[in-house]
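Everything on this sheet refers to the single structure shown next.
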Amino acid sequence: MSSPHINYRSLAEEAASPFLEHHPSTGQGPSKTQDAKANAAAAHLDPLGEHGLEQPLDEHDTEHEGEDTPRNSGVMIHMVPETGRARWNHIEDLDSFFSRMYQYQQKHGFTVIVVDEMLQVLEFGFVVWLLAFVMHCVRFDVLFGDTPPGGPNPNKTTLSDVMYPTGECLAHFTWVTYLVVFIAAIYLGIRLLKMVYHITQYADIRRFYNSALHIEDSDLDNFTWHEVQQRIRRVQAEQHMCIDKESLTELDIYHRVLRFKNYLVALMNKQLLPVRFHIPLYGEVVSLSRGMLFNIDFILFRGPGSPFQNNWQLRDEFAVRSNQTELAQRLSKLILGVALLNLVLAPVIFVWQLIYFSFSYANILRKEPGALGLRTWSNYGRLYLRHFNELDHELDARLNRAYDYADRYLNSFSSPLAAVIAKNLLFISGGLLLLILALGIYEEHVFQVEHLLVILAGLGAIGVVCRTLIPDENLVWCPEQLMTAILAHVHYLPSEWRQQAHTTKVRQEFSNFFQFKAGYLLSEIFSPFVTPFVLIFVFRPKAIELVRFFRTFTVSVRGVGNVCSFAQMDVRKHGNPDWQLTSELEEMTRATAQQPQQEPQQQSLAGGKTEMSLLRFTLNNPEWQMPKEAKQFLRGVREHAVGELVQAKTSMVQENPLTNSLISFGTMGADYCSIANSVLTAQVTPQQLEISQSLRPGLGPVSGGFPVAASDFRQMLQQNLSASVGPLDSMRRLRLSRAEGRLEGPTDTLLYGLCGVDPRVGSTPLNVGVADMCLSALYLHELNQQKRQARQSRIDEAEDERPGPSHWPPRPPAAPSAAAGSGSRHTVITSKAAESTPLLGSIRS
């Protein structure tokens with residue numbers, strides 16, 4: 001076996017990269033080699049301990065946290081592997097390797113992947129054969145009855161009567177047919193070579209699973225991705241798949257699998273993707289088709305002239321600060337070239353997609369004509385709602401839990417005019433359908449009338465469409481409560497939607513996230529004609545902004561390569577102050593220094609994307625050794641929540657962001673209601689009181705409460721979150737390989753902190769992380785709204801104190817909060833029809 005390719009880089013070459021986060025030297029030059037050897041030895045003794053993890057423990061560690069090569073890369077090191085381990089030493093393209101490993105686990109092993117690859121090739125060949133056969137080998141005059149069959153029985157038509165013989169069929173081929181078949185044969189040959197390549201690559205992955213991870217294909221569905229990931233880290237400690245690091249963290253693996261996806265999430269948040277554009281005579285359109293995503297991925301990451309020169313490294317030209325205009329012009333020409341190529345191939349792609357979607361949905365529509373009336377999450381919605389470092393199965397699980405709430409929300413809207421027209425059309429179509437069926441039952445020759453089946457199918461389709469436009473008479477109108485439940489699961493919704501969920505504008509904006517399947521199919525089918533113009537007139541003018549984005553928000557991580565800096569989830573560097581806990585003095589200083597209409601900081605993201613992503617990642621990967629700033633942020637949020645809970649139980653002021661979040665959390669369903677009630681009625685523990693007193697010195701004595709023991713709360717969680725059959729438990733009915741995070745669940749959560757449960761005692765159910773993330777998302781949104789409201793009040797006070805007339809228009813008075821003045825907050829929680837939820841309060845951004 002040939003030795004793997006090893007690319008050694010010197011320390012001088014690495015230091016020349018501007019994407020590295022440089023740190024001052026500590027003056028320990030002579031002993032660096034000895035220190036590196038000692039660290040390597042310690043990592044072998046404790047491969048998954050703190051010695052092998054990338055964390056800012058001291059100055060010596062932070063000195064090298066930005067490097068992309070080993071710490072002593074100035075010295076040539078040749079590591080002689082053991083015979084049985086040489087197979088997996090020093091893998092050069094770990095991005096592709098880890099991505100194939102993830103796909104291998106999600107697609108259930110080698111056999112399923114091989115069969116799927118072969119059937120995809122046969123699918124294409126079948127489409128080409130079927131088109132050629134229908135165009136040149138079928139006698140349509142005999143098939144339609146215009147010409148009698150030439151067989152012995154003129155009253156009976158056989159298959160041989162409606163098909164030409166093979167020789168006569170080939171004689172009907174024209175030069176266009178031969179050209180299409182020739183092009184299809186070339187494409188089919190490429191697909192065959194690609195299939196063979198994929199099979200050989202996945203065969204290598206199978207050997208890695210079997211020999212290195214000790215997981216057979218028959219047991220693959222019994223392992224979660226989290227367990228596979230932990231075994232990968234152990235293999236790295238033993239065999240050094242990555243030469244640049246002794247050990248890999250969970251974040252390193254996520255970076256390699258989701259490197260380009262993280263860039264797309266940041267580009268979406270920065271509004272640099274062409275998702276909104278105007279069509280003449282139609283208006284604004286919000287769309288992101290799969291074809292557009294493919295072109296963007298090709299232009300920015302995988303094409304021959306893209307900013308990335310390989311899977312893990314940005315081109316060196318981006319390091320030169322003086323050639324920004326030249327790079328933008330080059331990228332603009334690349335976008336123009338790709339757009340023109342799309343324009344030339346648009347008819348071919350359109351025909352192919354029309355045939356593909358027709359074949360895919362023909363059988364479904366035959367059995368369920370209303371399938372096109374169902375809804376699905378759009379590509380735009382999936383990318384907008386995606387966290388940093390969130391794998392596909394984790395995103396699917398989160399959006400699946402929000403599906404029922406989103407569907408009920410959009411179905412609660414109806415147009416009175418459309419409903420009236422639909423009722424009358426349904427009456428007319430139903431009468432015609434009944435008449436035809438009655439005549440057909442009386443005399444069967446009625447069904448032999450020409451085009452009668454087409455009329456019946458059209459009347460049935462009209463009935464299906466009309467029924468979807470008629471609202472349910474028993475529907476309960478609760479858009480605000482449903483929007484709260486949606487927010488708890490999807491985590492990101494515009495703040496302008498607060499208390500506006502009942503409006504048509506919010507409904508239309510949300511339908512861009514959650515669209516009809518028929519609309520999704522139409523946008524995909526006609527995207528070949530739209531994509532070239534969007535690339536030229538919408539995406540191409542943003543070339544200079546794209547170049548600036550890659551130059552500004554690309555960093556080099558040791559052992560990983562160039563990644564989007566936002567994907568590091570650094571709340572200190574990229575955190576949004578509106579989503580973090582700061583003192584009142586800092587708030588006042590920032591409010592007075594900031595103008596009301598000033599744009600957000602360029603280093604932060606909208607919607608709390610960094611903070612939410614960090615919180616979700618820690619819940620799904622509790623073993624991850626996060627940086628000190630991340631620990632402080634999470635600890636601060638949880639301690640602040642505990643302090644507000646103690647304040648609500650020990651003072652007359654019972655309304656705060658936490659109680660409002662718990663009430664909103666409780667309105668999502670019976671299981672959530674039980675958890676929220678248990679939190680609110682639990683007795684204050686000494687640990688909670690100590691945390692609250694540290695945050696608010698001088699807190700009075702604790703008043704009485706309904707004691708709920710920690711073990712009882714844990715038992716209640718296990719019963720509600722393990723035995724439920726609602727949307728919360730939908731993932732338990734799927735394969736274990738699709739589960740999120742660790743099988744035992746997280747140990748350090750907001751729920752346990754609020755109820756005083758020791759996170760180290762016992763085991764926790766898998767879906768505790770789901771419930772905790774829902775409550776945490778609601779709580780962060782409440783804190784964000786409270787900070788924005790307080791800052792706006794201070795700005796208004798400062799504006800009123802200034803001499804002269806005010807330049808700002810008066811704002812309408814805020815409506816009173818639904819929770820304020822309520823006799824009992826527990827009655828609000830247990831009421832499923834509660835409409836005014838505290839989360840969607842009356843304060844508008």
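Note: Cβ is positioned from N, Cα and C throughout, glycine not excepted.
The region 'Disordered' annotation in TrEMBL covers 1-74 (among others).
Annotation comment: TrEMBL describes 47-70 (among others) as compositional bias 'Basic and acidic residues'.
Residues 103-104, 169, 173, 177, 180-181, 184, 187-188, 191-192, 195, 198-199, 202-203, 205-206, 217, 352, 355-356, 359 of the same chain lie 6 or more positions beyond the ends of the transmembrane segment (110-135) yet place their CB under 8 Å from a CB of it. Per TrEMBL, transmembrane segment is recorded for 110-135 (among others).
Here the transmembrane segment (170-190) has Cβ contacts under 8 Å with residues 121, 124-125, 128, 132, 135-137, 164 of the same chain, all six or more residues outside its ends. TrEMBL lists 170-190 (among others) with the feature transmembrane segment.
The transmembrane segment annotation in TrEMBL covers 334-359 (among others).
Long-range Cβ contacts of the transmembrane segment (417-440) within its own chain (Cβ-Cβ under 8 Å, at least 6 residues beyond either end) map to 446-447, 452, 455-456, 459-460, 462-463, 465-467, 469-471. Annotated transmembrane segment per TrEMBL: 417-440 (among others), in sequence order.
The feature transmembrane segment is assigned by TrEMBL to 452-470 (among others).
Annotated transmembrane segment per TrEMBL: 518-539 (among others), in sequence order.
Marked as region 'Disordered' by TrEMBL: 788-845 (among others).
Positions annotated as compositional bias 'Basic and acidic residues' by TrEMBL: 793-804 (among others).
The feature compositional bias 'Pro residues' is assigned by TrEMBL to 806-815.
Positions annotated as compositional bias 'Low complexity' by TrEMBL: 816-825.
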TODO: Grab the same-chain neighbours of the transmembrane segment (452-470) for me: Cβ-Cβ under 8 Å, and only residues 6 or more beyond its ends, written as numbers and ranges.
DONE: 369-370, 373, 414-415, 418-419, 421-423, 425-426, 429-430, 432-433, 436, 446
